[in-house]
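Here is the structure we will look at.
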Amino acid sequence: MKWIFRPRGLRPQLMLAFFMLGLVPFLVVTLFFLYSHGKDLTTQTSNHLVSVRNIKKSQLEDYFGNLKEQIINFSQQDFAGNSIGRFYGFTGAFEKLGTTPQEARARAQARYVPGSWDKLQQPDSQVDIEPSISALILADEMYGRVHQRFHRGYADMVRKSNYSDIFLVDLNGDVVYSVTKHANFATNLLSGPYQASGLGNTFAKIKRRLDGGQKPQQIFEFTDFGRNELTGQVVAYLAAPVMQYDYVRGVVIFELLPDKLNQIMAEREGLGETGETILIGPDKRMRANAWLAPEFSVENSFSPNFRPLQTPLVIKALSGEQGVGPFLSYHDDEVLAAYTQVKVFDTEWAFIAEISTSEAYAPIRQLETLVILLGAGSLLLLILFSRWLSHSITAPLRSLTAAAEQVADGALEHPITIPRTDDDIDRLAQAFRHMQRSVKDKIELIERQTQELQQQVKLTHKQNLSLQQADKLKDELLANTSHELRTPIHGIKGMAESMLASQQDLTEGQQKQLGLIIKSADGLARLVDDLLDYHQMRYGQLEIHPQPVSSKGVIRLVLDLCQHLVQAKPLTLVDISPAELPPVLADEQRLEQVLYNLVGNAIKYTPQGKVVLSAQVEGNFLRIRVTDTGIGIAKDHLEHIFEPLVQMSPEVSKQGAGLGLSITRQLVHLMGGELFVESEPSVGSTFAFTLPLASGKAGSLTLDSRQIEHQLMRQQPLILPDWESDDLPPPPPGAPLILVVDDEPINLHILRHLLQPCGYRILPSSDGHDALAKLAQEPVDLILLDVMMPTLSGFDVCRRLRQQHPKDKLPVLLLTALNQPKEIEEGFNAGANDYLVKPFCKEELFARVRALLEASAGRASLVENHLLKQEIEHRLRLQAQLHQDQERLLALLGEGADPMVFIDEQGVVLFASRALARLLGQEPEAMEGLPLDEWLATPLASQWPDMAARPEQDLSFLVAGQKDGLNARALPISLGGQHAFALTLSTEQRQDDNRVMALENALKSLSRQAIIEDGQLLGELSRLGGEFRSLADNLIRQQDDEPLRRALVDTMRLTLETWQQSTGKGKIVLAEKSKLWRVYMDRSSPQTRTLDKYLSLDTLPKAPRWKTVVASAEYVLKQCPLSEVQQQSLHQSTQLLRQLASRKG
């Protein structure tokens, strides 16, 4: 059936193909366009409706919010407080209307016509006044005056707003005022007939909250709309307490009409012809009039005949949901509605914005009609175009098909000729010609490549044979080398044993060193045995002789052999296997080797605790477990520990070649069992293996000679000579102390015997933690550090050292067998100063040790020189400052009232005060440089013959031309860097001893050393008062603060200089990146005003922030790549600043 409608011939098929190719995309695009635009129009309509809903909702919320704010503000105004006040308001006037509350209510109700606002039932002038009720008449007049005073304001409020009435209620519940004066006026809302009305419920809620102790300012109540039975209107109530002088005087209640809500809902902008907004209360009654259905008004909805709206749309909105979609409206029409809940104070209303679906989806219907019309026209054009296109293609293709058939028959040389059309068909013909040539070339290329591949296959096969032969030769070389090593090992061991056995002329130390040679040869022999076993297992040449073996006997034997491995460890070997165990089918020697390897490893990796060996029968197998409480194995290492020549990470590895566990697992497999392992880091490990049970009885344990020798070699513990008991010469006192860290005792012994004779003190350590502990107790000059150590590798030890000890202060030389470039690089990155690979030449070791010690000493000298330079510069600056202070003191002494003169050792005047110059009738400047004897009647040498021997002297002079003598006191001073003498003269017979002493101290303070070291002199100088006190205080302050302030400036300058040298950037970048200094913008350019003040003593603040300077230096140390000299210099400067600051604080 399917062939009936299949077009025959190329032209109909092309026409159908072109038509379908055009039809399918056209339909897809059309349907997608219609769907997407229809969806967009629907979304736009929905979004528009949601926008209208949200706008109206915001209007409602704003409206009620304004109402609340208006009422609360009104209740807090003086007008409200005064109107309800007890003295001049309605409350006081109301209470005086009657002798009892009931009488007052009755008189108030009888005063006004109900609902008349302010119309009196009987004018006051017509009331007959009797003397007996004159007081009530006066009260009535008082209420009338209060009413006249406040009524107009409340009435205007009602007329200009949506309120139908305003009530003032006192705290007893009496309605003391109403604008409209309906029947509820002058009634009690707590006990009267209207206590259950909306008005009464509103007051009751306010009353309960006031009685509950809630703050009046926070109280506001709203009662939802309901019908007022007095007026027939639908109203709501809003109330708030009225305050006067911080006391609650009553409650103001506003009766609200829904007119404003009707006005808000009546605004239909953006809702079209059939759209409207609906507001429904929690009682499912209208809160605003419906625009499209007048019968759904607020008034009608509160009539007894109105049926509450129970539509799903209303229920969803009241339950708090919001959304948009098609629904049935309240009048059962299909609408597109956007609904939400509006919270009016504590009441939830439903708000719905809806529009009929016919109007909402009208643009979509128009779009569908337009698309259908355009689609029909497009399909007609598509049919015509397909017919023309198929005809234009088929004509030249027939010619091309005939030519292609010739080529397909194998005529690659046959020319392809068709009429030229200069279109795609012509290019297709050219492509066929190019393909014809390409196929011909490819066939030729494939033939050449086939020949080349055949040659490559032959070459690869030959290389594989060569690699296999090389691998075999390598294994044979390993085996032969291992066999050949036995001879020299046997010779070394035999010669050492023979020398040790002869004991001729051997000291105790030499005998122990021969023992070390024997033990080292034994270890090398064990390694050779393991290599041979591994080689035999790899090629299946290891012979296993299974026979019944006593498993319990093997366990006891191995535990006895392993006892020596425990040595001084706090470790216990425990056997909890049953006393009677069945025999197993195994090779006796290999079973002992397996068990010995497992127990030995457990002892090796267990610093303390216990190693437990257990066994139990499981079916036809015996499972033997070795459990330890050691360091454990990480999970990512468990799958690699059985690989040959693989050890755990260096921080937990011990000595060994990494063959033990690999050989052990292969031996267990050869004996018909399996090896298992379970481990948890820091908890311990459990190695278990199974062996098949034997059917016969086990014979007695037998060990051949090779095995006995093998086990005895293991059994003998390695005993090193005592560290202090050998015959090495002691190092000289004060020799450099070298910390040698190695987990192998032999290496420690060798390094000590190499270095101690060269004049070094040696401090041994067996692991990284012990080395760090010893370094904390005693400083050393150099550390020789092994890398592959248990618990803490040498790299990790070096990293921890560098956290506290820089390279230049504590050099580290790594001594290890690791010699790969990657490992050497890691060592230097960890902080090592040098790297030496074992085995090493002792001369090279000596040279490197000397170089590291000399470099460390040189760096220390460089740092000391730098600090000395800083101290000299500081002293020079201090001396210049003190020189200025000396000049200032000389000026003060020169202008003082005391006659003074300074002379040198030859009596020449160096300085003269104005008081002395006036006494002698001279100018001070004229006296300088002349001998003092020119003004004396008797030469100075006659009274003071030996000035140097008696520098302090009491003298008496007679000035030429005067009768009275002068008393003088001579004191030695230092002036301008030279020795001098100060003479203080006085013409009085009795002098003020205190002032003389103070002047002497002032003269002594001219000496720089006196100013620095003698604080008492500065105190005496301060007693002179005036400028002397100011000068002394300044010197004392400089003496206390100068070192700290100088250190602050020096540290900040050095920090900035180091930053600039290492980064090439300035102080602005330092301030921004460190976030320690504030950067200001001055005329669009950044400035660091605060930082700049710390670069000079003159601008340094009086209370500088030294911690910020320290933080800046530490930031540069941490963030910048500095040289060792820079690091040391900045670190020393920071430490000095810390010390001075702590001493100051």
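Using N, Cα and C of the backbone, Cβ positions are placed for all residues, glycine too.
TrEMBL has this to say about the protein:
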- 391-444: domain 'HAMP' (DOMAIN)
- 436-463: coiled coil (COILED)
- 480-695: domain 'Histidine kinase' (DOMAIN)
- 737-853: domain 'Response regulatory' (DOMAIN)
- Asp786: 4-aspartylphosphate (MOD_RES)
- 885-929: domain 'PAS' (DOMAIN)
Original post:
Quick one: DSSP breakdown of the domain 'PAS' (885-929) into helix, strand and coil?
Top reply: 21 helix, 9 strand, 15 coil
Subject >> DSSP-derived helix, strand and coil totals, residue by residue, for the domain 'Response regulatory' (737-853) >> reply: 54 helix, 23 strand, 40 coil
**OP:** With an 8 Å cut-off on Cβ-Cβ distance and a minimum sequence separation of at least 6, pull the same-chain contacts of the residue listed as '4-aspartylphosphate', or say none.
**Re:** Val741, Asp742, Asp743, Glu744, Asn747, Gly794, Leu814, Leu815, Thr816
Subject >> Segment confidence, the domain 'Response regulatory' (737-853), expressed as mean pLDDT >> reply: 86
